[in-house]
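**Student:** A single structure is presented below for examination.
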Amino acid sequence: MNQTTVTEILLLGFQNLHNFRIPFFSMILLIYILTFCANVLILVLVSVSRNLQSPMYFFLQQLSICDLLQTTTIVPIMLQTIIKGRATITIGWCFTQWYLFDGSETWECLLLTAMSFDRYVAICNPLHYSSIIDHKVCVKLVILLWLTGFGVSLVISSSIGTLVFCKQTTINHFFCDFAPLLELSCSDSNFVHIEAALLSIPTLITPFIIVIISYICIARAILKIVSNIGRQKAFSTCSSHLAVVSIFYGTLIGIYVVPNQGQSVTKSKVISLLYTVVTPLLNPIIYTLRNKDIKDAGKKVLDIWATHIY
């Protein structure tokens with residue numbers, strides 16, 4: 001009867017930074033600026049370049065949108081926790097932050113699965129690629145993935161919203177993640193854990209299995225190519241996506257799947273930092289550095305821009 005409903009949440013962020021506070025703040029801010037610029041650059045290049053009007057680059061454009069949403073949801077509050085040592089947000093914004101982050105993560109997981117299927121069709125069934133995957137199919141698929149990703153997140157968020165939050169108002173993290181948020185609840189949250197686990201089957205586990213199967217088929221198809229040049233060309237078309245998938249699932253499994261018993265809070269924050277801040281920067285870097293078409297499109301845009309100036 002004496003319980004007080006929580007209206008504000010205190011995020012502790014990274015404690016004990018001391019003299020490293022300003023350098024760490026500067027590093028995260030620089031990463032965010034680079035992430036924003038790199039992903040916006042991909043959005044622009046894919047939009048204006050005729051050579052990039054294909055399903056693969058359309059999906060890459062959507063991945064950039066997802067990364068921009070993810071980092072913009074997390075980084076501003078995190079920068080506040082770094083520079084001030086803590087940050088106070090309303091319980092409503094805490095729910096909203098987790099909803100946007102979880103929705104973008106779920107959507108990215110589904111999107112990477114669609115991208116792996118796109119590479120599978122392109123390499124294993126190239127003659128029918130244009131008839132199987134065209135622009136209309138891609139648009140419909142992306143809309144479906146958006147609705148699925150954020151729809152699943154809305155279901156879990158609604159369940160979290162039915163919980164009672166009282167007394168404890170401090171989260172020892174730099175954003176409102178799933179486990180730290182549920183730890184604040186003074187009511188039984190087992191059904192939320194069960195619901196999240198069940199929904200992870202179609203949105204995380206099944207897509208991961210599809211990605212593995214797709215790349216097994218791709219690897220078998222590449223090995224059957226007689227020409228070494230043909231093998232290298234086939235592998236180069238999917239190597240960037242494979243690198244992004246490995247980083248994404250590696251960090252995701254490290255924080256959510258591997259049991260965190262005995263795992264320090266600092267270690268958990270570092271892993272979370274990798275997939276919330278570093279990975280969205282690595283995605284465009286991997287694609288731009290390893291993709292000749294994007295580099296060529298970038299050079300053409302720079303040449304046109306320089307011509308208009310001079």
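In case you wondered, yes, glycine gets a Cβ from its N, Cα and C as well.
Feature table excerpt (TrEMBL):
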| type | residues | note |
| --- | --- | --- |
| TRANSMEM | 20-46 | transmembrane segment |
| DOMAIN | 38-287 | domain 'G-protein coupled receptors family 1 profile' |
| TRANSMEM | 141-165 | transmembrane segment |
| TRANSMEM | 197-223 | transmembrane segment |
| TRANSMEM | 235-258 | transmembrane segment |
| TRANSMEM | 270-289 | transmembrane segment |
**Student:** Taking the transmembrane segment (270-289) as reference, which of 20-46, 141-165, 197-223 has the most Cβ pairs under 8 angstroms?
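**Tutor:** Of the candidates 20-46, 141-165, 197-223, 20-46 scores highest.
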**Student:** At least three Cβ pairs under 8 Å linking the transmembrane segment (141-165) and the transmembrane segment (197-223), pairs spaced 6 or more in sequence?
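**Tutor:** With 3 or more qualifying Cβ pairs, these stretches touch.
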**Student:** Across the domain 'G-protein coupled receptors family 1 profile' (38-287), what does the pLDDT come to on average, as a whole number?
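**Tutor:** So the average pLDDT across the domain 'G-protein coupled receptors family 1 profile' (38-287) works out to 86.
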